[in-house]
Amino acid sequence: MSIADGSYARGDLLNGCKDLIPGLQNAYGYVPSLAAGIVFCLIFAATGIYHIVRSFQKRKATSYLLAISSYIELIGWIGRTWSSKCAYNKIAFLLQITTLVVAPIFVAAAIYVTLGYLIKAIGPQYSVIRPKLYLWIFLVVDVLALLIQAGGGGLASGAANKGKDTKPGANLMVAGIIFQLVSMTGFCILFAIFVLRTRGLELAKGQRFIIYATIISVVFVYIRCIYRTVELLEGWDGKLMKTEGYFIGLDGVCIAVAILIFCIFDPAVLLDHDKQPELSFNELNTVSTK
């Protein structure tokens with residue numbers, strides 16, 4: 001039974017704070033874990049603080065982007081923690097569904113900028129395209145995909161709370177996530193070519209560490225992208241959408257690792273340590289393959 005079909009006051013459930021009522025399904029299809037919510041809130045609060053501090057110290061784009069992604073993730077997990085106590089609250093649900101779609105875009109942008117730093121430091125001749133194109137091509141595609149997903153997520157979540165058909169919104173989200181998956185696949189191919197071309201070079205220790213860290217981050221972001229694609233293809237009532245364990249492991253953990261690896265091996269620190277020129281967004285745009 002959905003909220004719209006029940007005998008309970010719909011406004012009280014969606015705007016108030018009620019525990020899950022047996023037989024009355026909420027938008028999630030389960031009650032989000034309080035423990036998971038607290039753990040991920042702590043993780044993203046910590047990574048956010050770390051990258052904010054580094055952004056003031058080093059003033060590099062990667063630090064800004066990773067700090068933004070951390071805090072957007074934090075807001076999303078606050079929403080899920082809120083939902084663990086207020087199972088039907090629509091604000092908590094909308095808060096998490098919108099922010100947890102947005103945050104990975106900033107992680108991906110940090111990856112694109114990091115690759116730009118590496119190409120500048122190691123040599124543009126090892127890259128298939130100019131460094132600035134990684135940022136602008138793939139970031140533009142990600143933003144377009146984000147807008148499509150956000151629009152679909154708003155439609156689907158609104159329909160879910162009203163007990164209506166979520167398929168139109170879910171289909172729009174599928175289109176956006178597939179668009180993003182295709183883009184990410186293209187980036188992975190270009191990044192793999194760069195890694196293979198530089199494999200035999202004598203690189204500075206920091207540069208090699210950043211390459212390994214970027215590989216790890218890309219892999220986890222890509223896993224998350226595949227998961228969200230399959231999840232949405234199954235539909236709003238699919239097993240992946242209605243099972244929290246998959247979301248925790250294939251979304252929360254993946255994005256946490258993708259950000260945490262850049263706390264351990266931070267481009268703002270390691271590339272600076274190697275005495276490479278600091279790159280801002282404007283400086284990155286001046287790099288060419290000439």
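Using the three backbone atoms N, Cα and C, a Cβ is placed for every residue, glycine included.
Here TrEMBL flags 30-50, 62-79, 91-113, 133-152, 172-197, 209-227, 247-271 as transmembrane segment.
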Best-contacting stretch, by C-beta pairs under 8 Å, relative to the transmembrane segment (133-152) and drawn from 62-79, 91-113, 172-197: 172-197
Stretch among 62-79, 91-113, 209-227, 247-271 sharing the most Cβ pairs under 8 Å with the transmembrane segment (30-50): 62-79
Remote residues contacting the transmembrane segment (62-79) - C-beta distance under 8 A, at least 6 residues beyond either end: 37, 40-41, 44-45, 47-48, 51-52, 54-55, 92-100, 102-107, 109-110, 113-114, 117, 252, 255-256, 259, 262, 266-268
Positions whose Cβ lies under 8 angstroms from the transmembrane segment (209-227), at least six residues beyond its ends: 104, 107-108, 111, 114-115, 117-118, 177, 180-181, 184-185, 187-188, 191, 195, 198, 203, 240, 246, 250-251, 254-255, 257-259, 261-262, 264-265, 267, 270-271
